[in-house]
Amino acid sequence: MIVEKPMWLRHAGLQIFSLDVQPSGLRFATAGGDHKVRIWNMKPLGERDSDSSASVNKLLATLRDHFGSVNCVRWAKCGRLIASGSDDQVILVHERRPGSGTTEFGSGEPPDVENWKVLLTLRGHTADVVDLGWSPDDTLLASCSLDNTVRVWQAATGSPVTVLTGHRSLVKGVTWDPIGSFLATQSDDKSVIIWRTSNWGLVQRVEGPYDKTVGSTFFRRLGWSPCGHFIATTHGFQNPSHTAPVLERGEWLASFDFVGHNAPVVAVRFNHSMFRKQGATDTGNGAAAGTVINGASSKSKDALPYNVIAIGSQDCCISVWTTGSPRPVFIGKHFFTQSVVDLSWSPDGYTLFCCSLDGTVASFHFEAKELGQKISDSEMEEFKKSRYGDVRVRQVMLAESPAQLALEAAAAKQWGSVNPPAKTAEPASVPPPPPVVAVNGALGAEGAPKVAATEAASIPNGGGLVTSAPAKVIPSPVKQTEYRRPDGRRRIIPEPLGPPAGHEGLFGNGVMHDPQPEIPNVPTSDFRKNVDEKREDPGKAVVAKESDAENKRSLPEECTRGVDVPAAKRSNNNTAFSETGAAAPSAHPSSAPEAFGVGISCNPPASIAMVQQADMITPLERISSMKGVLSIRTQAPEDAVIQAPITLESRLIESSDNLGSIVGAGGTTLKRESLAKAEVVCSQAGVVRWHDRLSSIPTALAGNFNFWAVACSDGSLQIYTMAGRRSQLSMMLGSPAAFMDCNQQGWRLLLVTKEGSLYLWDLQESKLLLHESLSPLLSPSSVNENSKSNGLLKVVSARLSRAGAPLVVLANQHAFLFHLNMHCWLRVADDGFPASNFVTTWPEVSAPAETGELALLQAGVTGAAGKKFIWNRSSLEEEKWQTRVHLEVQMSAAQALQSASEYRRFLLAYARCLAREVDEARLRELCEELLGPTYVVDSSSPSRAPSKLDKNHHWNPEILGMKKRELLKSEVLPAMASNRGVQRLLNEFVDLLSECEAQQQILGQQ
């Protein structure tokens, strides 16, 4: 045995917490208290010639991206990636890039020989990250922390997979089953937990061997044997010695202990390979002992392979054991002055590396006669296969019926791809590395030219350089926040901003991956502020300030004394309007939204606030007009001779036209002011069809090809026929209209006054359908500082939904629909689920007519909420809960708005969400609601007891014009096929649905 302790391997004299050897054996990495990860060249450790070793670059790279002590560093099995966890609660994954590296300014260190850059930044832990572990196939990365949790991450994208919360205290160690079926963690709660990786359920909690433990350690680094049968744990105690208890697979009980250390065991590490006693090989044909040749086994007791394990303790000692001997192979004392905290074996299995808190690293090189003969990799795979079967088959959840495969194929054809079943990824085959030589101390492929920064980057694979094109992974963008520590030192904290635009599919676990264009952001902070509300006459309304923007127009001051300045509002897609107040022309779609302050008390409000209208909620085609003009436009009837749009305008009458004449006594002529203050003109293709004069200034216009409606500032409402006849007496509402709308082809008219009263009439029948107040909307959950000011409720839009129900949108973009049958307000859009994976599902703004109404409302909420919807650090469980509840709310909102396409869309997303979470209770209830009665109830000859749905005779086979069973067949069942964990429930409802269809065919033939 040869022991080497290089004095040049240091972390600025500080502690070294972790080390790991690259699977290729060309490099090894250390992590220390200087906040750095250092990557070292392995070659100088084997050089006996001091001159040749001096010419070789020992330090290849220094990774300086952490802001705290680095507690753990681990290479991926492929050797291309290296992960590190730190006191800064962040996990970084680095990869090597072409070219040479840089150095830290002012450090005095030479530039890095190799260029290593951050590939992924994993945030989620709320305390120090203590230990890391790559899965056998490098697809997952597990981390444990002092926040009592274990997190599992997708190695390709960095997205979280699950959070394991079974421990009751600090979690200090994590290790993977080499087969990939289990994950083991150890904690300060004196327990080891075995987790099943297929569903992340808790398999076993082992506490017995650790009940009598004394003392404390910063790490509890346990290890899993390469054969998969043993788990060596740390911090056990059997009076009078500290032990390393070993758990056996299956029963998960402590079968034996490694005994002998005088202080708590901190870390254990199994050798990557298995060994057998030297000379225990079959002779004659060169085959290894223990293999099967011509059907006969050559196994013997001495030929049985065994594991080799190294143990490090707080007693500053190292011991090396084998599972085939009751005594240690080696005990190392006096090599370190402080605790041994981490261990790592070289790929050849004969060199052990150890690091200590005293800031040093030692290597112990064993000979074959000391450890035994290493078995080959192919023999190791055969050993695993004989004990556990084909690992690739074990990782796949097999389909149990042809229906499962048929639905998976149908889903793949319909959506392009489906969520793969758990653990279906096979380990990627890595080609053998080319011969590697050292060129000026740097590592590269033999005979390979110098690496250039090209699109196909050369990435080290197993230490050798091979040209490959790795999958593009876009890290989360960050902005930096600077602060000063109490000692005066400056520090920078990266703050996540969420996924880059156009790459939302890389983040979260939503099922809708189609890229969606962005909606123009309408900041609520741009709302126009109210002017002084204290007027001489409290009954007068306060008019909003003139905006400095050139595209905003308002009525003349002499025309607005004692009245409000509302807007003509129209929600139909074929109707446009132009305000005299603050309407922005269509050339400026991103202008700030308009809202009216609506009083909710019985008395007239003392002040009325007004800001500009939100185009996002009410998509309108606006008409540019002169000052003092309101204008709307609607399409002519299909059977009309002239198909040009019909325009209705209200214009102020000039003062010279407001004079009339009368003849007084003595033939004198007197002048008096006319009662007419405004004129309403209806025109088509430049030809005036009719006109009328009004004694009050119009504040809102609405109409279709059945009628026109004009609301005035004195609280009156005038209804006209298409030919201009006054079809009704003036309707006195007692308050000016703030919003007015009508449906596209019917006779319904909606009007909201500034007192907060909402009216809905059927003008053809001269019937009031609804008279409701907006006061229920003034609640803490629906009003914030942007939507409520000085006792007024700011309303952005009040219109009829596409289904004909009143729809009100507040300034915070929360939308409320009045249910005409239930006679109450329903909240259909809000910002209550910021962590949901579906809050960034933007609608297609280029074609609003084809976009669902709910999508437009939700997009308005997202834009108004601003930073509240930015990617946040909420827990994975919170994210899952918000996503599920948000989808349930969206389904109900789509049903209330009678949007069939959106209901189908969210039903699909909801079914896939439940299938992904294996929520069988909710899936069963959803399927039962869509399936309905499973047979025709025949009271004369009942064949079986009816179920709950069978007893419900009011089951409606349709929803929003769609057949429920067709939705079950075409949407829900294929979505359930995305996870084979619910395939038994899927097969049950496939059979029930087939039975129902067969019964329907029989009834149809009869």
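Just so you know, glycine gets a Cβ as well, placed from its N, Cα and C.
Long-range neighbours of the repeat 'WD' (16-43) within the same chain, counting only residues 6 or more positions beyond its ends whose Cβ lies under 8 Å from a Cβ of the stretch, are 9, 56-64, 66-75, 77-79, 82, 84, 86, 94, 114, 116, 219, 341-342, 344-348, 353-357, 359-361, 433, 436, 438, 441, 443, 460, 462-464. What TrEMBL lists as repeat 'WD' is 16-43 (among others).
Under the heading domain 'CAF1B/HIR1 beta-propeller', TrEMBL lists 16-371.
Positions annotated as repeat 'WD' by TrEMBL: 122-163 (among others). Taking DSSP states H, G and I as helix and E and B as strand, the repeat 'WD' (122-163) has 0 helix, 23 strand, 19 coil.
For 164-205 (among others), the entry in TrEMBL reads repeat 'WD'. Mean model confidence of the repeat 'WD' (164-205) amounts to 92 (pLDDT, 0 to 100 scale).
Among the features that TrEMBL reports, region 'Disordered' is placed at 520-558 (among others).
Under the heading compositional bias 'Basic and acidic residues', TrEMBL lists 526-558.
Look at TrEMBL and you will find 570-592 (among others) tagged as region 'Disordered'.
The compositional bias 'Low complexity' annotation in TrEMBL covers 582-592.
For 724-930, the entry in TrEMBL reads domain 'Protein HIRA-like C-terminal'.
Mapped onto DSSP classes, the repeat 'WD' (164-205) shows 0 helix, 24 strand, 18 coil. Within the repeat 'WD' (16-43), the DSSP-based counts of helix, strand and coil residues read 1 helix, 17 strand, 10 coil.
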